[in-house]
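Quick look at what Swiss-Prot lists:
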CROSSLNK  Lys85  ubiquitin cross-link
CROSSLNK  Lys95  ubiquitin cross-link
CROSSLNK  Lys114  ubiquitin cross-link
Amino acid sequence: MSDVEEVVEVQEETVVEQTAEVTIEDALKVVLRTALVHDGLARGLRESTKALTRGEALLVVLVSSVTEANIIKLVEGLANDPENKVPLIKVADAKQLGEWAGLGKIDREGNARKVVGASVVVVKNWGAETDELSMIMEHFSQQ
């Protein structure tokens, strides 16, 4: 036993959580995955127009680079119906929208393979309340 006591100073480090900026596209990807799991997506023009005319649509995602201008006019017209106005988001790439909507195969590493493009996707059921969903709804309330 020694007469000298060792004093150990413990410094507490405060960890500041850095919230990564979540873009609208990232939030949309999470919302579409959640709706896909809960069987709440209508994928493609035929299913989407049926959901829009029945009034089941909660959100419409449209590809802005569709070759047929009539498709854009039809979907925008149904989404902007005065009786049942539905929020509309436009994305650039059909293959990316198809991947988000589950129109492809997933390999062992988790990468998407054989992805089919989608011109329009309609969310009929949110599935679960997430932070990304509230972010998208807040985005539409600001517009």
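Each Cβ is built from the backbone N, Cα and C atoms, and glycine gets one as well.
Location within the structure of each feature annotated in Swiss-Prot.
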| residue | record | DSSP class |
| --- | --- | --- |
| Lys85 | ubiquitin cross-link | coil |
| Lys95 | ubiquitin cross-link | helix |
| Lys114 | ubiquitin cross-link | coil |
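Taking the Cβ of Lys85 (ubiquitin cross-link) as reference, residues of its chain lying under 8 Å away and at least six apart in sequence are, in sequence order, Ala79. Fewest other C-beta atoms within 10 Å: among the recorded sites Lys95, Lys114, that description fits Lys114. Comparing Lys95 (ubiquitin cross-link) with Lys114 (ubiquitin cross-link), their Cα atoms are 10 Å apart once rounded.
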